[in-house]
Every structure is written in C-alpha cells, then in structure tokens.
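What TrEMBL says about this one:
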TRANSMEM  25-46  transmembrane segment
TRANSMEM  55-75  transmembrane segment
TRANSMEM  81-107  transmembrane segment
TRANSMEM  128-149  transmembrane segment
TRANSMEM  169-187  transmembrane segment
TRANSMEM  208-228  transmembrane segment
TRANSMEM  304-321  transmembrane segment
TRANSMEM  333-354  transmembrane segment
TRANSMEM  374-397  transmembrane segment
TRANSMEM  431-450  transmembrane segment
TRANSMEM  456-477  transmembrane segment
C-alpha cells in the first residue's frame, strides 16, 4: 500500500468529534428490537413445517436477514433515519403481537390466569440466561460490522471513533467486548455453582491468555510489513486491543482464584479511582492527548497501556452487573419483570452520575483516555441494552407461560427450530474472540484488495459490507458447529480435527 494512500485512509478515520449520546442509544435500540422481531416472525416461518436436511442453513439465512440486516442498515443507508428505522421495527413488532393476541383470545379457550402466568417457574431448558447470549452476540456483530464499515464513505463520520472527547457508535465496541466478558464470567461461575475456579478452568483461561498475546504480537509484526494504515492515537504504535484482552483475561484468572469472584464492585471502583488519579491528579491526561514524542515503548503506546486500567474497571462493573442479573435458585416469570426494572434503574443512575458530578469534575467522556465519565456512560449504555434484552426474553417467556400456541411449542422438540442459531453459535466458548479475530482478518483483506474510500455509491458499499458480514458469520457459524458440544459436556455433532483445534485454542 503506497504512502499517499495510507495517509488518506488514516485521515479518513481520524479527527472526528462523535455524535450526541442519545443517538448512540438509539442505534443500540435496533439490536433488541431485531431480536424481538426475529423471535416472533420465525414462529411463522417454521410453524407446521417438517424437518428437512439443510434447515439449519435456512435458519441461518433467516437470522441474518432479521438480525444482521437491520443493524447493517442502521450504520449505513439508514444512519440518518435511525428514529424512522426504530419506529418501523416497533410497528412491525406491534402488528405481530396484535395478531398473536387475536389468535390467542379467539382460539385458546383454556387461558391461565395472570397470577399463574407470572408465577410460572422457568425451567433450565428454557434458557433463563438467554438475554446474556443476546447481549454478547448482538454487540459483537455490531462491532464487527463497524470495523469495516468505517472505511467506507457510506458510514457516517459522526459514528467513527472520537479523537479526544465525545460519544460515538464505534467508541463502544471494545468496551462492549470487555463488559460482556465480565458478564460471561459470572454466568460461567454460576453454572458451576462455585466461586472458585477449577484447575481445568485455570488451564483453559491461561491458554486463552497466551493465544491473545500471540495474536496481538502477530498483528503488531505483520501490519508494518504490509504497510497497512494505523490509527496511532487509538492504542499507540505497537499496542492493540488483543493485548488489552490478554491483560483482562489474566486478571479474571487471578480474580477467580484469589477472590473467588467476590469484591468485583470494590475492585472496579479501585481501578477507576486509580486511573482517574493518574489522568487528573498526576496530569497524564495532558500527556496522553498531546503530540509528545513517541520515543520510548511506553510513550509510543501510552493510549493502550493507560486505558487498560479503565478497561479493568469496565470488566469489574460488568462482572458485578452480571451477578445482579444472573438468575439463581427458583426463577419465576415475574422475576424477569422486576429484574428489568432494576436494570433500567441502574442504567439511569449510571447516566445521571456521568452527566452530573463526573462530567463537572473530570470533563467530557473520552474513549482515548477511558476516563470516569466514559466508563460510566458505557456502563449506562450496556445496562440499558441488557434491560432491553431482558424485555425480549420476558416477551418470549410470557407467551410460553400463557400457553400461546406458537410460543408453547418451545416445550417440545420443535424448540430446536425456533432457537436463534446464529446468536447461540457466536456465544459458544471462545467464539466471540474467534469471530472478532476473523472480522479483523477479513477487514484487512478487503482494505488490501480495494480502495474502500473510492466506493461512493452507498448501495454498492452497503452490499460489500453486507457480503463481508455474511461471510464472517457463516465461517464462524460453521466452525462453531464443528466444535460444538452441549451443556452436559457431551458432543452433539461429530467433532472434526478442526473442531478439536478450535476448542483447544479458544475455549475459556
């Protein structure tokens, strides 16, 4: 890649000021509405159909159409009409719900009373933590669409990463990954019914840490050889997000071993306080944002190194929120209602603290600094997203508990046809990391093979981004099926050599 081309591409993704915070929330609202619409519509698609040999790929295509396409449009063709897109999604959901209710009251003569519905016990096979799967997978799909879309003109510059201060859609990607890691660790320990990491889990997590370090080193060495563009103020000259993930994974091991998963809130506050003291109290903020020489390894990578403390804070907050949200004991339907209210309230508290005392004391949020206002804005956003996915699961479970015919199929073997296969596949052990790595490799391949900035036709650009998303998801989905094993540890599909390799490298 020639030097003039590199300079143009670096300028294209640099120096942006972001957008308003409410628009970031509006964009993220597309995801839970897409999942809710998908869960309703797919019941018609497969209702009454007989199994056929390749139905899993039919489900994949339907999932891609109903889940991924709305998110793709929100970042490209519909980026200037986010409110309209959200309203169309809401209208679609309301129409389908109205149809179900009409069918329910017209044909179902044995309707259980409301009190019985709300007190219905949610069995483990109903997936009581499916909302975590929704959150992790949808945030990751959003992130992986954006990392290529930002290189095209169809992607609005206000959604690109902010240079110093502000809010943007791309600013949330790495924080979303870390927050989801914290939530996932909570679920893992809850399922094992212990607060101590087992030896097997320790070895697996250590292996994942080494894999992340190796990937980070390969990225640092290969990009200069390819003369690939580098946004230096993102993480620094040599640092990249895989190193940050490795540090967080190593911390999660120590957290499980030493604290047994306890004290996550205290640790999160401590990390954030220490980080803000370095930024404000010792003046590191001025140095990080300055054009100071990058003549040492630390100064060359100051953004990546010092932001790691902030990411550790996000991880600990995500872990604690996961502890609050994770169902335990006898879970009833009404528990989801109260949990949703709790998450909405918690999200509001985070945002009020961020907009009030934190911004008055420490300034505007900064992704580059990972300062306290930014951390609290991310906590507020992800807690709000979690509450929205809780609403999605509450809708599905209410339909099942009320014995609405299409929903009540979930008690039977037909449940296999209705599960969100794409999101469940991405949520398999380690496959979010695999998908993130795959998306980075595919993004590099696209950028090296074509001049993305010159694609000015918005429909052509959206088509390229959509094809890239479909290929990445199809590859990750195929690999997940190859390496898939059920919750009981027994294989439900033939495990190929590729599957064994993937499980060895990416299980955590």
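Each residue, glycine too, has its Cβ placed from N, Cα and C.
Packing against the transmembrane segment (431-450) from elsewhere in the chain are residues 1, 9, 136-137, 140, 143-144, 147-148, 151, 177, 180, 208, 211-212, 215, 219, 226, 228-229, 245, 425, 464, 468, 471-473, 475-476, 479-480, 502, 506, 508: each is 6 or more residues past its ends and has a CB under 8 Å from a CB in it.
Residues 60, 64, 68-69, 72-73, 76-77, 141, 144-145, 148-149, 152-155, 421-422, 425-426, 431, 434-435, 438-439, 442-443, 446 of the same chain lie 6 or more positions beyond the ends of the transmembrane segment (456-477) yet place their CB under 8 Å from a CB of it. When the stretches 81-107, 128-149, 208-228, 304-321 are ranked by Cβ pairs under 8 Å to the transmembrane segment (55-75), first place goes to 128-149. Comparing 81-107, 128-149, 333-354 for CB pairs under 8 angstroms to the transmembrane segment (169-187), the maximum falls on 128-149. Annotation: stretch 374-397 has the most Cβ pairs under 8 Å to the transmembrane segment (128-149), among 208-228, 304-321, 333-354, 374-397. By the count of Cβ pairs under 8 Å, the stretch nearest in packing to the transmembrane segment (333-354) among 208-228, 304-321, 374-397 is 374-397. Tertiary proximity for the transmembrane segment (374-397) is limited to same-chain residues at least six positions away from its ends with a CB under 8 Å from its CB atoms, namely 21, 24-25, 28-29, 31-32, 35-36, 39, 120, 122, 126, 130-132, 134-135, 138-139, 167, 171-172, 175-176, 179, 183, 272, 310, 313-314, 317-318, 321, 325, 333, 336-337, 339-340, 343-344, 346-348, 350-351, 353-354, 358, 365-367, 407, 410.
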